[in-house]
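Working notes for the structure below.
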Amino acid sequence: MQNKPSFILRNPSANKGTGFNNEEREKLGLKGLLPPKVESLQEQSDRALSQFTSFNTNLERYIFLNCLRDRNETLFYYLLSNNLELMMPIIYTPTVGEACQKFGNEFRFAQGMYFASQDKGNIRAMMDNWPAEGVDIIVVSDGSRILGLGDLGTNGMGIPVGKLQLYVAGAGFCPTRTLPVIIDSGTNTKKYLEDKYYLGERHPRIPDSEYYPLVDEFLAAAFNKWPKVIVQFEDISNDHCFNLLDEYRNKYLCFNDDIQGTGSVILSGFINAVRSVQKPIKEHRMVFLGAGSAGIGVADCIMSLFDEAGVSKEEARKSFWFVDSKGLITTTRGDELTSQKKQYAREDYTYQLKSLLEVVRDVKPTAIIGLSGIGGSFSQEVIEEMAKHVEKPIVFALSNPTTNAECTAEQAYQWTDGRCIFASGSPFKPVEYKGKTFVPGQGNNMYIFPGLGLAASVCEAKHVTDAMIITAAKTLASFVEDSEVLTGKIYPGLQHIREISTRIAVKVIEKAYEEGMAQLPRPDNIEALVKSRQYVPSYDKSKN
C-alpha cells in the first residue's frame, strides 16, 4: 500500500513533486501523475517564494507554509533555511500567536501527538502509534501560557510545531525525528470552552493532583520509548514550570526554554550591552518588570556575571529590583511570595513602591528589563525618567508577541534621544532618528535553543546544566565584534544561525565533557561530529 504512487506523492518526507526525475517517475509509477517538466529544488523554491509573497496577510503566509510542509518537507525546509529572516516571524513569533488563537478555525491536518487527561494509563501504548522510527527531540507544552496570550489549551500546538521547525532550520535536526506534543489538561479560558471549533478537551484545567502524575507518565513513557531523546518544556504556566524543571532536570535530559533559553539569550545580549556602555557589572542596577519564569530565568543567568566578578550571591542580589502587578517585590509587602520571587525580594525597603515609575525614580536603574506580557508598560515617563540619570540606558522590552512588547524600538530610541541599547523579544524594523539608522536587537531564543539542543543530543548528555546554558550565552555574545558592540549592536544577524548553532553546539559539548555529562565517547573532532549530524534539505539523500 505504501509503495503506491499516490502514497508517495502524499508522503511529505518522500514527495519531491516536480523534482522527481524521469527515471524516478518511471520506476515509481509516477508517469502521467505530474506535469512533464522536471524541476530542481531551487526552481521549486523560487516558485514557492513567489507564492509566499503573494499573500496579503501573515496568517495566510503561515497557513501556506504549513500546507507546503505537509506536502513536501524537503522543499519546505529548503525554502525556510534560505529565507529564515523573512519567514521566522511567520512560522514563529509574532504570527504563530495569531495562528494559535485561530487554531480550531484554521485547522487543516494533524501534526504531532496529543495526550489528554483521559489517556492516563495508556500514554506509552499511544506512543507506538507515532509513525517515525526514532525521535531525537520533543517539544512539549500544555498550552497554559502561550507566548503572552495566556491559556490557549490545545490551540497551543502551533508553538511546539513552530519551535521544532526552527530546530531543523537553525541547527539541522532531522525533521522526521522531531515530535511536537500537547498535554491536554483542559483550559480555563471560557472563550475556547464555548467555541464549537475548539479541538481540545472541554473542561477546566485538572487539579495538580492529576496534572503532575499525567506529566510524569508522559515523561516516563517518552524516555522508555526513546531513551536518548531530549525533551524541551515550552510555554507552561508559572505555577507548574519551575516545579517541573526542578523535578526532572536531574532525572531526564530536558530543559525549559522559557526559563533557561530565555535566560541564556538575554544574558548574551546583556554581556554585550555591558561591553557597549563600558561600565563594570558591579555598577549596574537592574529593574525587572515581570517576575515569572522568563524574568527569574534571566536574572539567574545574569547572576553568573557577578559570580565571575567575585561578587557573592547575597551582594549580587542587591543589584536586582523586581516589579510585579503589586509593585516592588519586598519581604515586607505582606503577600505570599513564590519561592522564585523570594530569592529576589528586597529586604531593605520599609516603604512600598506601587508602580514601575516609582521604582525607576527610586532606583535610577542602568537597565530595565521587561518580561511582563503587558504591551506599552514602559511608558514615555518611565523611559525618560531612566534616561535622566544614565548616559546609555539599557532597555530590553522582551515580551512576545509584538503587541505585548513593553515599548517599541522607535519609542525607546526617541525617548532616550537615541542613546539607549535596545532589544526586544519580537522583531522590530530599523528606526530612523535624527539622521541616524538604529537596528534594534532581538533577544530571540532562536539564537540559543537549536545549538543547545543539538549539543545535548549529539553528545548524549545526561542532563542540561547551568554551565552549559551559560556557555551557550557566552558563545553567542562572541559573535559580535567590539567595534559593532560600541555602535549598540548586541546580537549577530540571524542569517548566520546555522554557523551560530554549530559553534554553540561545539562549545556546549566541550563543556559537557568537562563536566562529565557527555555519555558518547569523546570524538577526535567535535565540530566534524556535529556537522555530520546536521540535516541539509536536499533531494540528494547522501547529503542528509
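Note that Cβ sites are derived from N, Cα and C of the backbone, with glycine treated the same way.
According to Swiss-Prot, the protein has these features:
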REGION    1-22  region 'Disordered'
COMPBIAS  12-21  compositional bias 'Polar residues'
ACT_SITE  Tyr92  active site, proton donor
BINDING   Arg145, Asp258, Asn400  NAD(+) binding site
ACT_SITE  Lys163  active site, proton acceptor
BINDING   Glu234, Asp235, Asp258  divalent metal cation binding site
BINDING   287-303  NADP(+) binding site
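Taking the features listed in Swiss-Prot, we show where each one sits on the structure.
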residue: Tyr92; record: active site, proton donor; Cβ within 10 Å: 26
residue: Arg145; record: NAD(+) binding site; Cβ within 10 Å: 25
residue: Lys163; record: active site, proton acceptor; Cβ within 10 Å: 27
residue: Asp258; record: NAD(+) binding site; Cβ within 10 Å: 25
residue: Gly290; record: NADP(+) binding site; Cβ within 10 Å: 24
residue: Ser293; record: NADP(+) binding site; Cβ within 10 Å: 27
residue: Ile296; record: NADP(+) binding site; Cβ within 10 Å: 26
residue: Ala299; record: NADP(+) binding site; Cβ within 10 Å: 25
residue: Ile302; record: NADP(+) binding site; Cβ within 10 Å: 25
residue: Asn400; record: NAD(+) binding site; Cβ within 10 Å: 24
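For Val287 (NADP(+) binding site), the same-chain residues lying six or more positions away in sequence with a CB closer than 8 A to its CB are Trp321, Phe322, Val323, Leu356, Val359, Val360, Val363, Pro365, Ala367, Ile368, Ile369. Here the Cα atom of Ile302 (NADP(+) binding site) is found 15 Å from that of Asp258 (NAD(+) binding site). Those same-chain residues not listed among Glu234, Asp235, Asp258 yet with C-beta within 8 angstroms of the centroid of the divalent metal cation site C-beta atoms are Ser141, Arg145, Ile146, Ile159, Phe233, Ile236, Cys241, Asn256, Asp257. Using a 10 Å Cβ-Cβ cutoff, Asp235 (divalent metal cation binding site) registers 25 neighbours.
Put simply, of the recorded positions Tyr92, Lys163, Glu234, Gly290, Ser293, the one whose Cα is nearest the Cα of Asn400 (NAD(+) binding site) is Tyr92. Closest by Cα distance to Arg145 (NAD(+) binding site), from the binding-site residues Glu234, Asp235, Ser293, Ile296, Ala299, is Asp235. The subset of recorded positions (Tyr92, Glu234, Asp235, Ser293, Ala299) lying with their Cα within 10 Å of the Cα of Asp258 (NAD(+) binding site) consists of Glu234, Asp235, Ser293, given in sequence order. There are 28 other CB atoms within 10 A of the CB of Glu234 (divalent metal cation binding site), with all protein chains counted.
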